[in-house]
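Below: one structure, written as structure tokens.
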Amino acid sequence: MKFIVKLQAEITIKSRPVRKRFTKILESSVKNVLRRIDEQVTTRMNWDNIEVNTKDNSPENRERLVEALKCIPGIPMFLEVQQSEFVDVHDIYEKTLAVHAESIENKTFCVRAKRTGNHDFNSLKVEQYVGGGLNQQVESAKVKLKNPDVTIHLEIKNKDLFIVTQRHKGLGGFPIATQEDVLSLMSGGFDSGVSSYQMIKKGARTHYCFFNLGGSAHEVGVKQISYYLWNKFGASHKVKFFAVDFEPVVAEILENVENSQMGVVLKRMMIRAATKIAERGKIQALVTGESLGQVSSQTLTNLNVINRVTDTLILRPLAAYDKQDIIDIARKIGTEEFSKTIPEYCGVISKKPTVKAVLSKVEEEEGNFDFDVLDKVVSETRVYDIRDIGKEAEEEIHAVDLVENIPENAVVVDIRSPEEEEDKPLELGDVEVKHIPFYKLSTQFGDLDMTKEYLLYCDHGVMSKLQALYLLDNGFKNVKVYRP
């Protein structure tokens, strides 16, 4: 099985050294991600593409590799191809006929060829010869040069013929690590997840910083989103997850800051803390999900006041986005259902927030704030390797057993998404299996028969462990994790 990964146009116009460096980084990313799926994957970097090969030609492996390639930043498009050597144009025709004869039956088609190397023919001749031959051989097919049903793509490189069997649209953007590191402030809502995704797509290795205002359940939810984003779009590179207990800071603000200034002061405290964390981690910029005018703290005046507490660059990828645009992207990338279950905590501490904060007034209110509280919570920041979030969840749910053999009368709850469940159904014979996607579990688990024992199941055990912790924290004791 072979794939040809095309380069982003913005990479191809770089200087030769930069283009080579970016392509090498992309090759490394592709290799790192795909070898998590198939250890037999090999890659080869060319000037204008990257070749990906594997000896495992099974449909299941192909599907997993295709889905992974679609989510790697820096890939605008990739091709599934059949590669072979050829003798002449007629040989190209015969090889193309063997691959595409069935696909053009009762359809209109055209042939498009790209050629590199020295040959006694040009691309147009290949298109005409192969297209004419297919038209004669497949009687029900008809040539149509504009808007055909099927376009047959051929690529010729010296003596090698690449017959494209399928073209896939990639994520686009830049390869991760071609830009510098950023620290994304995660609340768990739609905005912070989408802004993190935008920076990953742009090639920045994106670390996550969470200010906990809502207890362990809130932290579990944000960890889920952060792990999901990393695992789906950024798994080629290690990143960190920083967890800061911000409840003491909120308490200090509630006690000592005038009500209308609370929202802006809270955001300034978060930026101060994030700046210290970024400096320690040698991270070059902060990322927030703020969108201009969306809430009271996100007016131009207030954002300007918030910015004044740091010299570190603050990136706001969603500044000009409407809320519906953000939700649409969240749905597309898969974070919408996570975010639906996480309440917004930042907005609850100020009843009549100012939309035009005055810097001197804010600084006066902050004069009543005990900054030792902020220093203390920053010094106690918990730092995780994002890859260890699953392991950390396992340690935290020590009261939840991991079950290999299903007890009598126990019910298995498959918490995978409907798509995952459909692709790989969980078949357990006579055992009762309920299907409740992880993003609905928090609202639907309480409706189940509480006299029964429930075993949560997902493919890798990460989501099931995190969900078990969430249910434990909410008082449900009849929960275990099923790990066959």
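Using N, Cα and C of the backbone, Cβ positions are placed for all residues, glycine too.
Pulled from Swiss-Prot, these are the features on record:
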- Cys458: active site, cysteine persulfide intermediate (ACT_SITE)
- Leu185, Met186, Lys267, Gly289, Gln298: ATP binding site (BINDING)
- Cys346-Cys458: disulfide bond (DISULFID)
- 63-167: domain 'THUMP' (DOMAIN)
- 406-484: domain 'Rhodanese' (DOMAIN)
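Lys267 (ATP binding site) falls within a helical segment according to DSSP.
The recorded positions Leu185, Met186, Cys458 differ in how many other CB atoms lie within 10 Å of their CB, and the one with the most is Met186. Spacing of Gln298 (ATP binding site) relative to Cys458 (active site, cysteine persulfide intermediate) is 38 Å (Cα to Cα, whole number).
Around the Cβ of Gly289 (ATP binding site), the same chain contributes Leu185, Ser187, Gly189, Phe190, Asp191, Ser192, Gly193, Val194, Ser195, Ser196, Arg316, Pro317, Leu318, Ile326, each under 8 angstroms and 6 or more positions distant in sequence. Secondary structure from DSSP puts the residue listed as 'active site, cysteine persulfide intermediate' in coil. When the alpha carbons of Lys267 (ATP binding site) and Cys458 (active site, cysteine persulfide intermediate) are compared, the span between them is 36 angstrom. Of the recorded residues, Met186 (ATP binding site) and the residue listed as 'active site, cysteine persulfide intermediate' place their C-alpha atoms 25 Å from one another. Note: the domain 'Rhodanese' (406-484) comprises 28 helix, 15 strand, 36 coil (DSSP; helix = H, G, I, strand = E, B). Largest Cα to Cα distance within the recorded ATP binders Leu185, Met186, Lys267, Gly289, Gln298: about 16 Å as a whole number.
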